[in-house]
Amino acid sequence: MGCVNSIRIMDADAATNEVDKQLEELALADQRHVKVLLLGAGESGKSTVVKQVKMIYKGGVSKKEKDDYARAIRRNVIESMQTLIDTLGTLGLALKGDDQEGLKAAKENIALLTPEDTLTPEIAEDVSKLWADEGMQELWSRRSEFWALDATPYYLQEARRLADPELEVTDEDMIMTRTRTTGIIVTEFSDNPYTYSLVDVGGQRSERRKWMHCFDDVKAIVFLVGLSGYHQVLFEDNSVNRMQESLELFTEVAGNPIFEKTPIFVFLNKKDLFEEMIVTKSLKKCFPEYDGPDGEAMPALRFIEQKYKQAMLSKVPGKDVTVHIIAARVRMDMKIAFGEVKDEIRRSFDSKSAGRKKSFSKLGSPRAAIERLQKIGSPLNSR
């Protein structure tokens, strides 16, 4: 009789261990699939981050993708110049070159282009002629007064090359290409032992209602801030400062109860543009309370960093936010910043994994295991 009981206890112990092993494997598989939510206001650089992550972790770009980038960046050239042409008269400015007839013809040619038109060498010549004009450069110096893509100078300076029918797009071209995100875009990639889903949703106001559909099971949030936005207005509303909009949006995200225990990273992006702009455009334009030295980037950056940290603390006292100051177009910046996001996720996983092993070790004696298995209808009951 004692021998039979001993066998039953040993069988129950083995069954319990097998169940525990399966539970742990399921938990590991779940934890190793990491969902990272990419948030931020429009023009903050989320799409650039996604492109960099693809290039870093997924390898090369297909020919079809390169062809798509070529079409998109050619449209960027045309639309950027059309924006400047439309704004020229609005601000009471005019082209100043000696060849007024040629400039007028170039302006009219570009203004008449439709979304179906593409960049040809002839159009590129018109673009280059207009961009070189002193009046157009004066307009760009006042860019804080109107909406325009940050990469406008890149598009217009590279117009002739981008119009080449034999164009081979470079990594830089692909990074600088702007396509407005609508809907939800999920980028999957692996970095052993983890698989990642990087979820990017549109940043414009009209797209934010879709964000709630992405909030389940998020392991980390990366919130993008366009630093150049401190002296720029929204695409949707040219009376609203981009950075003020971003800070309000971040405060909403930080205060969402769903994310109370979720690690949040802030990427202060476009530091290269910020360092150029801050020389002549004071941070007081966005934050009148700023009392640091005008024209110096580092004190201004630290002030902005503290604004986001304070916003977090105002919603979740005691919770810190990790801030990285980057230029997402620079590959090394992205490797370092996103690498730290992965490291934090790994540390969190290791901590939870240790907790699970501890809980599995509290299964008790074999006899107690039998009792628990009996409660859930173990096949040992039939013995």
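Cβ coordinates come from backbone N, Cα and C, glycine included.
Fair warning: this is a prediction, and the values are worked out from it, not measured in the lab.
TrEMBL has this to say about the protein:
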- 43-48, 200-204, 269-272, ALA328: GTP binding site (BINDING)
- SER47, THR181: Mg(2+) binding site (BINDING)
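Just so you know, the Cβ of LYS270 (GTP binding site) picks up 26 other Cβ atoms within 10 Å once every protein chain is counted. With the fewest other Cβ atoms inside 10 Å of its Cβ, the least crowded of the binding-site residues GLU43, ASP200, ASP272 in this structure is ASP272. The Cβ of GLY45 (GTP binding site) lies under 8 Å from the Cβ of LEU224, GLY226, PHE267, ASN269, LYS270, ALA328, each on the same chain and at least six residues away in sequence. The DSSP secondary structure for ASP200 (GTP binding site) is strand.
According to DSSP, GLU43 (GTP binding site) sits in a coil region rather than a helix or strand.
In this view, SER47 (GTP binding site) is surrounded by 22 other Cβ atoms within 10 Å of its Cβ, with every protein chain counted.
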